């Protein structure tokens, strides 16, 4: 299958040197299909399309259409989302079953960060702000950013707009490992890191199994990979259900079932370091590999022409996705729709170039999950709803709206 050979391979020299002549502006608003071709995907790996000499500048044409040029739009959106994330964190800490005034919340956070002394009458509020809510809100931001980044990479890896860690069975495999630790005490010798380690191993085993089954003598076909991952996801979910059904402790089984639907209840400061480091490392790797992701999304043949080894790069992406997803499942359960919806929202705003999408999607995912978690713990207070219920309730109509705005291009031709 050839993708984009006319728009990239023939417009400049082949090989990795082409990666340094990226200019995706000419197609930044191109629709994302289930198997993007070079004509529809950003030309981040080829030369920009030539235009008539008398054509007005791109920025002028963008202003005529009432749009902001992509290179100006991205910094503005990142700045707005960064400010929005800070505001969301403050709101997430202040709001809840026990409401705390925003001024008091900011004052308590300031005292905690500077190591000041909190008055005795504020000791209870300080405990709620610093020890209960702040680590939970920060972890929600980390989980949202990580799932969004993995979703972007997964969709490029299999060239399918509907792919996410759930589709490839990565989340289901991580759930098996985490459930085995929570219900049967496996890897108990690792103590605090037992859950994260088991979830990562489960995700890695699921990834290796899906990869081995989907691989053929002709290589790794994206469609075969998606179908294999979907089938294995159901299989791993069945194993998780069996583990819960056979659990010796009924209360533990009930808690695990609730947690698997997505929950940040009981989060402490000790839950943050591992998840934050893994997500940061994974995001850095993906940002450094953004040009390769552009090439991979254009097709294996085009990627090879541009100096990218598709098979090796997919293996690397599998390991990164397994590590990030496994650790996040260990701390938050299986939170759906974030890795599917937020990448599409980012592409709608800044185009399909992964150098832009990987900057915007994690920020949007962090803001989204902070507010989702706030809804989960306040809508039915004092009871808490699973995160997966809220993300599905928000994600389904939003995703349908995105599909409607993109017309018939999202699902393929």
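Backbone N, Cα and C define each Cβ position, glycine as well.
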Per TrEMBL record, range annotated transmembrane segment [choices 225-247, 294-316]: 225-247
Stretch of maximal Cβ-Cβ contact with the transmembrane segment (193-213) [cut-off: under 8 Å; candidates 74-95, 225-247, 317-345]: 317-345
Contacting positions for the transmembrane segment (267-288) when only residues 6+ beyond its ends and CB under 8 Å are counted: 131, 135-136, 138-139, 142-143, 145-146, 149-150, 152-153, 192-193, 196, 320, 323-324, 327-328, 330-331, 354-355, 358-359, 362
Positions whose Cβ lies under 8 angstroms from the transmembrane segment (385-403), at least six residues beyond its ends: 258, 261-264, 332-338, 340-341, 344-345, 348, 368-369, 372-373, 375-377, 379, 410-411
Tertiary contacts of the transmembrane segment (225-247), as residues 6+ beyond its ends and Cβ separation under 8 Å: 158, 160, 163, 166-173, 175-176, 179-180, 183-184, 202, 206, 209-211, 213-214, 253, 256-257, 260
Cβ-based contact of the transmembrane segment (357-376) with the transmembrane segment (166-187), 3 or more pairs under 8 Å: no
